[in-house]
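To start, the structure under review is shown below, and the notes come after it.
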Amino acid sequence: MGGDNRYLGLAYVAPYIIGLLVFTAFPFLASLYLSFTDYDLLSKPEWTGLDNYERLMTRDRTFNKSLRVTLLYVFMTVPLKLAFALLVAVVLNYRLKAIGFFRTAYYVPSILGGSIAIAVLWRYIFAEVGLVNMGLEAIGLEPVNWFGDPQNALFTLTLLRCWQFGSAMVIFLAALQSVDKSLYEASSIDGANKWHQFRFITVPLITPVIFFNLIMQTVQAFQEFNGPYIITDGGPLKSTYLLPLYIYDKAFKSFDMGYASAIAWILFVIIMVLTLIAFWSSKKWVYYAGDKRS
């Protein structure tokens with residue numbers, strides 16, 4: 001009987017294991033191998049050693065430009081998105097009328113925000129004759145070239161990403177509701193105002209959630225593709241040419257799969273290094289229950 005249960009358990013997890021091996025482990029290892037080859041999808045991969053990486057680091061100006069744009073995009077998007085998500089979560093944490101409706105309404109953009117349809121809609125909203133410029137003209141301001149100006153295009157894409165704050169907001173809201181209310185009552189007796197309560201009680205107690213959202217949003221920002229591809233296609237003047245777009249172009253337009261794999265692994269290493277730095281720094285500012293520090 002015990003043996004039957006064991007095989008039954010294996011049958012249940014088999015689809016997940018097979019999917020993990022076929023769609024994650026194999027592509028992961030295959031891309032690592034291909035990054036050391038010259039491969040165009042038609043001919044047999046030809047081993048080239050570190051040539052792809054040497055070319056990336058020393059001769060590819062497009063990669064350098066794309067890397068700078070990607071880092072700028074991440075360092076703009078993640079703080080803005082987390083700050084906005086936390087602000088909305090704090091507001092929704094109060095007992096307001098129809099609070100369920102507002103929570104749902106604020107979460108909807110996260111469901112729709114990554115879709116191609118929303119990216120197309122965003123492009124028309126910020127077009128030269130779009131709704132945003134029509135609103136600016138209605139109040140007497142000059143219209144802005146949101147996507148045609150290299151100085152504005154990346155910021156406009158950042159707004160699209162920040163608009164998709166629902167998932168982070170829901171996690172923040174759950175953390176806020178888990179804070180012991182007696183701490184606020186005790187601090188009020190001691191004369192603490194709302195700002196002091198937020199700064200010295202709320203923020204320290206939700207730092208594990210802040211850290212989790214920081215990691216997740218950083219990884220997602222590095223992998224951003226739909227918005228830049230649909231709205232600007234990396235332009236103008238490659239001002240929105242993120243690394244995922246460069247990987248796509250090399251793999252499916254130039255059919256240089258080996259070089260695209262090398263870029264993907266460089267991106268993976270960058271994400272890994274930043275994640276390790278975040279985990280190292282978390283020892284100084286993330287506080288867990290029962291954590292004793294001097």
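Using the three backbone atoms N, Cα and C, a Cβ is placed for every residue, glycine included.
Now, the feature entries from TrEMBL:
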TRANSMEM  12-36  transmembrane segment
DOMAIN    67-278  domain 'ABC transmembrane type-1'
TRANSMEM  71-94  transmembrane segment
TRANSMEM  106-126  transmembrane segment
TRANSMEM  153-176  transmembrane segment
TRANSMEM  197-216  transmembrane segment
TRANSMEM  259-280  transmembrane segment
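Of the ranges 12-36, 197-216, 259-280, the one with the most Cβ pairs under 8 Å to the transmembrane segment (71-94) is 197-216. Long-range contacts of the transmembrane segment (197-216) within the same chain, counting only residues at least 6 positions beyond its ends with a Cβ under 8 Å from a Cβ of the stretch, are 78, 82, 85-86, 90, 168, 171-172, 174-176, 179, 183-184, 187-188, 275, 278, 282, 285-288.
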